[in-house]
Amino acid sequence: MKELQEKIKEYGTVLPGNVLKVDAFLNHQVDPILMKHMGEEFAKLYKDAGVTKIWTVESSGIAPAVMTGLAMNVPVIFARKHKSLTLKDDLYTASVYSYTKETTNQISISKKYVSPTDKVLLIDDFLANGQALEGMLQIAQAAGVEVAGAGIVIEKTFQKGGQELRKQGLRIESLAKVSSLANGKAEFED
Ligand code: G4P
Ligand code: NA
Ligand code: NA
C-alpha cells in the first residue's frame, strides 16, 4: 500500500534492535485517515472470505482492527493482555512472548463473544516473530473457530513469523513488507 509506505518513509525511524518506530501515525499518535484506508484495504482483500468477526490484540492493533470491522460491518474483539476483575472466568487464554520487550503476556478473549460459527480475521500492527498471531490462532483452535486469515499493517519479512505461519497454511496479507532496517533505513518488498 503506497500511502502506508510513504508514511513510513516520512515519519518512521529505526531504533536499535531492528525496531521500526512509527509512533507518529500508528503506535502513539494515530492517523485516522490512514487507518480508514487500511481498513478498507483489508476489507477488499478479504471480501469473499466469509469473515464474521475481527480479532486483534490490545493496544496497537485496535485502531486498524476497528477500521476493518467498520468497512466489513462486523464486530471487533481485542484480546486483553491482563486479566481484569470484570473478565475472570470463562476466558480463552494463550501465552504470547514478546521478543522486543522480553516479557510473556497472557492474552485472553471472553467466551461470551466467541461463537463456533465465527470466521475470524486476525488484524495486527506488526508481524515480526509471529507470537501475537500464534496466540490468537491458539485461542481460535481452542474455541473451534475458523480463521479466514490475517491482515498485518507492517510485516518485517526479515524476521521469521510470516514465513513460518504461511508454511502452516495461514493466509497473511501485509500492507507494507519491510525487508530490511539496516543502516537506519526501511527497505520495502514489492
Ligand atoms: P510478534 O508478535 O510478531 O512475535 O512480535 P514481537 O514479539 O517481536 O514484538 C512484540 C511487540 O512489539 C508487539 O507489540 C509487536 O507489535 C511489536 N513490534 C515488533 N516489531 C516491531 C517494530 O519493529 N516496531 C514497533 N513499533 N513495534 C514492533 P505489543 O507488545 O503487542 O504492544 P502494543 O500492541 O501494545 O504496542
Ligand atoms: Na501489536
Ligand atoms: Na506494538
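Cβ from N, Cα, C; glycine included.
Whatever TrEMBL says is automated annotation, not expert-curated.
A quick note: this is a predicted structure, and the numbers were derived from the prediction, not measured.
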Pick from ASN27, ASN183: which one does TrEMBL list with LEU20, LYS156 for the same xanthine site?
ASN27
Between the Cα atoms of ALA128 (5-phospho-alpha-D-ribose 1-diphosphate binding site) and LEU20 (xanthine binding site), what distance do you get, rounded to the nearest Å?
11
In whole Å, how far is ASN129 (5-phospho-alpha-D-ribose 1-diphosphate binding site) from ASN27 (xanthine binding site) when you measure between their Cα atoms?
18
Quick check for the class: what is the C-alpha distance, in angstrom and rounded, between LYS156 (xanthine binding site) and ASN129 (5-phospho-alpha-D-ribose 1-diphosphate binding site)?
9
Residues satisfying Cβ distance under 8 Å from ASN129 (5-phospho-alpha-D-ribose 1-diphosphate binding site), sequence separation of at least 6:
TYR99, GLN159, LYS160, GLY161
Select the most exposed residue of LEU20, ALA128, ALA132, where exposure means the fewest other Cβ atoms within 10 Å, treating these as the binding-site residues.
LEU20
